[in-house]
Structure formats: structure tokens, C-alpha cells
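This structure is in C-alpha cells; I'll ask about it shortly.
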Amino acid sequence: MSEVYPIPAETAKNALIDEKTYKEWYDRSVKDPEGFWGEHGKRVDWIKPFTKVKDVSYNDDVHIKWFYDGTLNVAANCLDRHLAKRGDQTAIIWEGDDPSESAHITYRDLHERVCRLSNAMTEKGIKPGDRVTIYLPMIPEAAVAMLACARVGAIHSIVFGGFSPDALAGRIQDCDSSMVITADEGLRGGRKVPLKANVDKALETCWSVKNVIVVKRTGGAIHMVAGRDAWYEELVAKASPTHAPVEMDAEAPLFLLYTSGSTGKPKGVVHTTGGYLVYASMTHQYVFDYHDGDIYWCTADVGWVTGHSYIVYGPLANGATTLMFEGIPNYPTVSRFWDVVDKHKVNIFYTAPTAIRSLMREGEEPVAKTSRKTLRLLGSVGEPINPEAWNWYHRVVGEGRCPIVDTWWQTETGGILISPLPGATALKPGSATLPFFGVVPLMVDAEGKELLGATEGNLCIADAWPGQMRTLWGDHERFKQSYFTTYPGRYFTGDGARRDEDGYYWITGRVDDVINVSGHRMGTAEVESALVAHPKVAEAAVVGYPHEIKGQGIYAYVTLIQGEEPSEELRKELVNWVRKEIGPIASPDLIQWSPGLPKTRSGKIMRRILRKIAENDYGALGDTSTLADPGVVDDLVENRMNRV
Ligand code: 6R9
């Protein structure tokens with residue numbers, strides 16, 4: 001039996017949703033989804049109100065539409081509609097990498113900045129439906145750029161600033177972006193990131209890009225290409241401060257976000273306008289129990305889906321004050337998070353388990369010396385949170401007073417699917433607990449047979465919810481293959497889970513070839529193809545292994561081409577090679593030189609065996625009799641790299 005933390009009386013008293021309401025709403029949401037969402041769909045402002053709520057099929061062609069005869073504009077929902085009541089309220093608190101730098105941006109100011117950039121983009125020829133790639137650090141201009149795209153009806157594709165020029169180029173080419181918005185340099189932990197130089201490199205192979213807009217962040221020396229590159233500051237200074245938002249169909253794409261799958265290139269997940277905004281804003285309000293006036297901080301980067309839904313769209317649609325942080329948790333000191341909480345009087349704090357685990361290692365003193373008295377609620381996202389980290393977060397950071405919402409969701413889901421609601425759900429450390437309204441989780445075995453009651457299996461979702469992805473950019477076939485064919489008629493999440501006797505869900509991690517490194521999704525296939533692109537590598541196989549801080553580390557088995565000798569130098573060279581090909585987040589933690597890889601007679605690599613060896617669990621390799629050459633396994637075990 002695991003520990004149970006009841007709902008604190010203080011939380012229950014003020015919460016938007018109590019236990020009884022959760023049960024009533026949830027019941028209705030699954031029995032009468034049309035009625036339920038028809039009502040909650042009205043939480044956003046429609047230009048033309050919808051009369052049709054839902055048209056979904058998970059079979060044959062697979063199509064997903066919500067509120068589909070309505071029209072709206074997302075930027076108008078995040079800005080214009082708040083002006084009368086909250087024009088002077090802070091929309092974004094920006095905290096710079098350097099603790100001496102911060103800013104408050106009101107809704108009125110943000111609205112004006114977005115209007116100016118919208119006009120400047122239109123001037124540069126951007127039209128509804130065009131793709132715009134955003135490659136920016138965590139500065140307010142990132143939110144301005146997203147909202148300006150939404151305002152003019154362009155589809156943004158944000159690429160995380162830690163990705164390499166190659167990775168950026170691939171993401172630009174896949175969707176034929178005609179514009180890139182970037183900065184001269186980024187600043188993280190006192191170190192500069194050469195964003196514009198990376199863009200220049202990427203654009204050597206991208207012919208679709210006509211314009212590059214460059215925000216001046218550090219003032220570092222960069223090269224501007226005449227006729228293609230323009231300074232952001234100059235464009236917005238001469239642009240008009242008013243702009244009429246473009247009326248968009250509910251199902252018009254709002255953004256693309258590339259994420260890793262189990263095979264091949266990253267997938268361009270497509271989210272649309274109406275359903276996404278309804279779902280992002282509703283989950284933000286109820287999961288974080290957001291009350292007017294609360295200061296809310298999500299530490300994610302806008303390069304990930306968490307930054308899209310829970311730094312920008314959800315909070316701003318709700319008229320919230322959202323904090324945007326440029327830096328990292330341990331700069332200039334390991335108290336930084338808590339110093340920022342005190343400086344800006346943060347009430348709601350949302351971060352990833354990997355950050356908690358790395359701060360936990362530094363002991364309690366750096367936390368204890370800060371006040372944190374404004375904190376009321378804590379959140380976790382990105383990977384399973386181990387009970388030890390959960391307890392530390394709860395006891396040390398929240399002083400036992402703040403509930404933790406462990407929110408399970410994915411790039412594909414657009415918003416949170418399984419999570420406690422602070423006033424409605426008793427907590428169990430390590431469990432994401434219960435489904436949000438309208439979400440019907442379903443557990444299946446390997447054959448797709450539904451498992452009932454307390455059980456363990458593969459996690460599917462039975463029906464649609466408004467925030468769900470609609471397709472993969474340019475590849476609807478892959479969309480169907482990836483999510484709807486393993487278990488026909490169901491959305492397959494790629495995650496394994498356990499459901500306990502109280503119906504609580506415990507996510508156990510990916511069951512496919514996706515690994516989760518510090519909360520970042522990586523396809524093992526992507527790292528493998530980067531490795532084999534090196535001239536000295538003949539073959540590579542990559543698996544995840546348990547890592548104390550990162551959750552999972554990257555373990556690569558590498559076979560060199562005939563005549564090449566393993567060396568420490570080559571190991572370093574390969575690590576740097578992968579950093580250059582994909583980005584630092586994909587650096588292998590361990591590389592094992594492997595004279596051969598365990599393969600079946602048909603040539604398929606037996607990853608199950610490689611995973612076991614990487615986990616240092618080589619006593620239980622299971623049946624190896626189908627291997628072409630069982631001898632290779634002995635060598636791999638003998639020279640294994642992880643001996644903890
Ligand atoms: C939002 C986000 C999705 C994958 C997902 C799962 C893991 C996310 C989790 C969690 C356990 C949680 N994951 N939240 N696992 N508990 N609270 O992270 O999206 O980058 O697409 O990753 O992350 O494995 O399938 P994304």
C-alpha cells in the first residue's frame with residue numbers, strides 16, 4: 001500500500017473543483033461529451049459561434065474535428081478580450097538569466113507588441129497558413145512571436161534553442177517555412193548560445209526561407225544577410241501598434257511541434273485552433289486551480305509543448321500572470337528557483353522531476369534559506385516522478401503545505417490528460433492519479449485485449465478530447481500508423497501504466513523505442529542514425545538505462561568499421577559528433593564498443609537484450625537461442641559500461 005496524502009483543508013476550502021464536482025463533471029463528460037464540451041467550448045470567445053461540437057473517428061481514415069463550424073482568433077483570446085478588465089495587469093513576468101534582469105509586461109503592452117509584429121510579418125508577406133519557424137531563447141519576444149503568428153493565421157513551428165543547425169534545417173525543410181524568427185544569441189547559465197550563426201548554417205540547405213527576423217538579445221557580433229535578415233527592433237518600431245486579428249476556422253492549424261517517435265525523422269505534430277485553446281485554458285485553470293491574481297510559473301522552455309500550453313496559451317487565455325524564465329536552476333546558485341519564487345511572489349510552481357532530482361542532490365540548505373511562503377501548489381511534468389523526489393518536493397520545497405499535481409500528458413495530447421485536481425484528489429506519491437474531464441484511459445495487453453480493474457498494461461485513450469493532435473504535418477498515413485493501428489480504434493500513447501485498486505494511474509514509462517532524458521523525448525533511432533553517419537562507425541544501437549538525475553541516460557553500442565580501433569579519443573569524438581548532429585540533449589552518456597550486436601537470424605537487433613545489459617541486469621537475458629551468434633552477448637556482458 002502506498003502512502004495517501006488527503007486534500008489539505010486549506011486547499012479544499014478555496015478550490016475551484018471539489019471532490020463532488022469532479023465526480024459529477026467527469027461522469028457527464030464521458031456520458032454526454034457533446035453536451036459537456038458544447039458548454040465548456042464557450043469558455044473562449046468565438047467570432048462565429050460553433051453549432052457542431054465533435055466529429056471524430058479513430059477508424060479507417062481517422063479524423064478528429066471539434067467545434068468545427070466556429071471561427072475565432074487565438075491571439076484575440078489571449079490579449080484583446082482581456083484589455084477592458086486587465087489591460088494594466090501583468091501578463092508576463094520575465095526573469096532573465098542574470099538575476100539583476102527582469103521585467104513586467106502588462107496585457108496592454110503585450111497586445112501592442114503583438115500587433116506591431118503582426119503588421120511587420122504581414123509586411124514581409126506572411127499570410128494565413130504560412131509556416132514560421134521560431135528559434136528563440138526564453139525572452140518575451142518568444143511569446144510575442146507565437147501570438148503574432150496566431151494573430152495573422154500563420155502556423156508557428158518552434159525549434160528548441162538547444163537543437164543543432166542540422167536538426168533546425170530538417171524541421172524547416174519538413175514544413176517549408178518561409179520565415180525564421182531568431183535572436184543574435186541566447187543566454188543560459190551565463191553562457192552564450194549562437195542562435196543566429198546556427199540559423200545561417202541551417203539556411204545553407206533551406207530554400208523556402210525568404211525572411212529572417214533577428215531579436216537583439218546580447219548584442220554579440222553576428223552576420224546579417226542583406227535582403228533576407230532584418231532586426232526585430234527596427235521592424236516593430238516602424239510598424240503600426242494596432243492590428244485586426246484574422247478570423248480563423250476552429251480547425252485551422254495553430255502550430256506544428258516536432259517530436260521524437262520510435263522510428264525515423266521527428267514527427268510534425270499538428271495542433272489546431274479552437275479545440276486546443278479550449279483544452280489548454282481549461283486544464284490550466286482547473287489542474288493548477290488558477291485564481292485571479294495568482295502568480296504562476298512553469299519552468300519549461302517554449303521549445304517544448306509544456307511551454308506552448310502552460311507558459312503561453314493556457315495562462316494567457318485565462319488572463320493569468322505567467323512567469324517566463326530565461327535561465328537554469330543552478331545559476332548563479334542552486335537556490336535560483338526559490339530566489340525567483342520569493343522575488344516574484346510565485347503561488348503556483350510547475351517543473352520537471354529531473355530538476356527536482358538534481359536540486360535534491362544539493363541538500364536542503366539551499367532551499368531552506370529561502371522563504372517560499374507564497375507557494376500554494378506544486379506541479380510536475382515530463383517523466384515519472386519517483387516517490388523519493390516527490391516526497392522531497394513535497395516536504396522540503398512545499399513544507400508539507402502544497403499539494404503536488406503530477407500531470408501526465410504528451411506533445412500529441414496538447415494538454416494534461418491524467419492529473420490530480422488539487423481540491424478534488426487525494427495524492428499518492430508517484431501516481432498521476434485520475435483522468436481529466438472527458439478523458440477515458442484504457443489499459444490493454446499486448447494483443448489489445450482490454451484489461452479491467454487493478455492491472456498493468458499499455459495505456460490507450462478510448463475517445464477524443466478537444467486538445468488532441470489532428471495529424472502529422474504532410475503525413476496523415478504515419479499519423480494513423482503511429483497512433484491508431486497498434487490497437488485499432490484506440491489512441492495508443494506509447495506509455496505503459498499500472499492502475500491500482502482505487503483506479504489511480506501510475507505511468508511506468510515508454511514501451512516503444514522512445515527514451516526520456518531529463519524530460520526530453522529522444523528517439524533511439526535518431527541517435528543511431530547520427531552515430532552511423534560518422535565515417536568510422538559501421539553500426540550502432542541505442543537504448544535507455546536508469547540514470548539517477550536524468551531519469552534515463554543514453555547508452556550506445558557502437559561497432560566500428562573494419563580496421564578502426566576503439567580509443568578514448570574516438571569516444572569523445574563520437575559524443576561531440578552527436579551533439580553537433582542533433583544537439584547537446586542527445587549526447588550519449590555511455591558508449592560501449594561492440595564487436596557485434598545481438599541479432600536474430602533475420603538480422604533484427606534484439607533490443608530487449610541490449611536494454612537488459614545496459615540496465616546491468618544481465619543475469620536475466622531470457623531466451624537467446626534465436627540469436628544468429630549467441631557468443632556476441634557474452635562479450636557485451638563482459639564489457640558492459642553500467643556497473644551500478
Ligand atoms: C508533456 C510532455 C511525453 C512523454 C509521455 C511520458 C512522459 C510526461 C509524465 C510522463 C510520467 C508524467 N511523461 N509527463 N511520465 N508521468 N507526469 O512531457 O510531452 O515531451 O511529448 O513527452 O513523457 O512517457 O509519453 P512530451
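Cβ atoms here come from the backbone N, Cα and C positions, even for glycine.
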So TrEMBL lists Gly382, Glu383, Pro384, Asp406, Thr407, Trp408, Trp409, Gln410, Thr411, Asp495, Arg521 for ATP; which of Arg361, Arg478, Arg510 goes with them?
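Record check against TrEMBL: ATP site with Gly382, Glu383, Pro384, Asp406, Thr407, Trp408, Trp409, Gln410, Thr411, Asp495, Arg521, extra candidate from Arg361, Arg478, Arg510 is Arg510.
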DSSP helix, strand and coil counts for the domain 'Acetyl-coenzyme A synthetase N-terminal' (22-78)?
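Here the numbers are 26 helix, 11 strand, 20 coil.
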For the binding-site residues Arg188, Arg191, His534, which residues place their CB under 6 A from an atom of ligand 1?
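Qualifying residues: none.
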As a test of the contact definition, list every same-chain residue at least 6 positions from Lys604 (N6-acetyllysine) whose Cβ is closer than 8 Å to its Cβ.
none
Are there any residues in the same chain, six or more apart in sequence, whose C-beta is under 8 angstroms from the C-beta of Arg579 (CoA binding site), and if so which?
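Arg579 (CoA binding site) has long-range Cβ partners Ser164, Ala586, Ser587.
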I need the nearest neighbour of Thr411 (ATP binding site) among the binding-site residues Arg188, Gly189, Arg191, Asn330, using C-alpha distances.
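When the Cα distances are compared, Arg188 comes out closest.
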For the binding-site residues listed here, Gly189, Gly190, Pro384, which shows the highest count of neighbouring CB atoms within 10 A?
Pro384
